[in-house]
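Feature list, courtesy of TrEMBL:
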DISULFID  Cys103-Cys130  disulfide bond
DISULFID  Cys158-Cys167  disulfide bond
DOMAIN    75-132  domain 'Sushi'
DOMAIN    132-168  domain 'EGF-like'
SIGNAL    1-20  signal peptide
Amino acid sequence: MIAAILITLLCFCSLHPTFGQDCPSRQEIQGSLKQVQKLLSAHEASYLQSLRNLKKKINLLQSSTGKQTTRAINSTCPKLDAPINGRKLGKSHGVGHEVHVLCDPGYELVGSESRVCQESLTWSGQQSTCRDINECASSPCQNGGTCVDEVNHFSCVCAKGWAGATCQSPTPTFFVTMTNTSAATSPATAAAATLPAATTGPFVRPSRCTIMQGTTHCTCEPGYTISGRDSNTCTDIDECELFHNGQAGRLCLHTCVNTPGGYRCSCPIGYNVTRDGRSCKDIDECATRQNNCTKDQMCINTYGGFQCVQVDCPKIPNATYVKTSPMRCERNPCPVDNKACSQTPNSFSYHYLAVVSNLSAPRVMFRVSALRPMGDTLRFSLLGGRQARRHFTVQRSDRVTGQLMLASPVQGPATLEAEVEMSELERRVQLGRYITKVTMFVSQYEF
Ligand SMILES: [Ca+2]
Ligand SMILES: [Ca+2]
């Protein structure tokens, strides 16, 4: 500040020599300069002192935080065990960490669901235990039945003359018709009753009833449920209908077929059910000789079917082509100075792709690359009319590679065709043209 004022003063005087008699003399200026120097030295000394103090404070702070960190690392809360009939989520017992307690189905939580390891190295909240839910609390057994609470469910011991899961049905007369041929599972089992065969069918079965201490218990085979007013019949559970819009997703990816006591998934023609029984897997007709392609044709496996394709070299004016591999035709050498011939494509390559319906897009379907590029420029372009332009684009992916991109998902069944042209140029003069014809078979289904 002082230095700045002094410099302004000196400048002012030098710029205005006419005010000479008002300006301080050289000695006066030198004296002022010395004073300023003294002042600056004093400032410097006090600044250095405060810097030293600051450094000391920082060191003190650093050492104290270091100690705290070491203490935090070594400090954990006592180990928490998972409750009986429950699970503990969270393994760390360090300060600030949290554990959660979940009870098994049929059990309810008593205490805290979440507990945090506190600075005091104790857990927050209350000890967590899992208590068996009393399903009998709502008195589900009717007509004088006694409720027996079991894990995750209850059972009713019905009064005489009543049956059913909640003792809701009067016991039909035939329940008391004892049959000695039925197997008794324990001494407590008095007898088992069966229905006459006439009322049974694959989707309806008799229930198995046992009479214990004068009351009747009826159960069904897996896949069946007690039905009707009486507990005497079991009806097949239609899993396809029941789990039609299940949270876990559809039971089957294609068609669900209800069967007595179960269900199965079925697939459209051309697919087999996968090992997990839910999904559908394409049958490779080309690998398994389940195709009718002739010797001249090539079998292309597609999702849900197959295609027999025949590669014939194109017939275009001014040039002739010869097949050099099953999927490639090359131009026969052109006569010298035949410009019309030398401007026709040097080769045609054929590629067949099988894709599923509604494939996500944009995505690269095919790449065309020049192995030994000639000339100074490579150009890639899309041929093949309006249909090709609606579904595809061609982009360059590096100096020598072009890629055919699917622009938007295609709903099958459909067959799409596109042609990618690669041309080599030297100073804008065409050296060669190479055509790649891509045929894409889109399946009807999305698997
Ligand atoms: Ca069923
Ligand atoms: Ca197939």
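Each Cβ is built from the backbone N, Cα and C atoms, and glycine gets one as well.
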Rounded to a whole angstrom, what is the C-alpha distance between Cys167 (disulfide bond) and Cys103 (disulfide bond)?
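Each residue's Cα considered, Cys167 (disulfide bond) and Cys103 (disulfide bond) end up 30 Å apart.
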In whole Å, note down how far the CA of Cys158 (disulfide bond) lies from the CA of Cys130 (disulfide bond).
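For Cys130 (disulfide bond) versus Cys158 (disulfide bond), the Cα atoms are 30 Å apart.
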Give the residue counts of the domain 'Sushi' (75-132) per reduced DSSP state, in the order helix, strand, coil.
0 helix, 25 strand, 33 coil
According to DSSP, folded down to helix, strand and coil, what is Cys167 (disulfide bond)?
coil
So what sits near Cys103 (disulfide bond) in its own chain, CB-to-CB under 8 Å and at least six residues off in sequence?
Pro83, Asn85, Gly86, Arg87, Leu109, Cys130
I need the most crowded of these disulfide-bonded residues: Cys130, Cys158, Cys167. Count other C-beta atoms within 10 angstroms of each C-beta and give me the top one.
Cys158
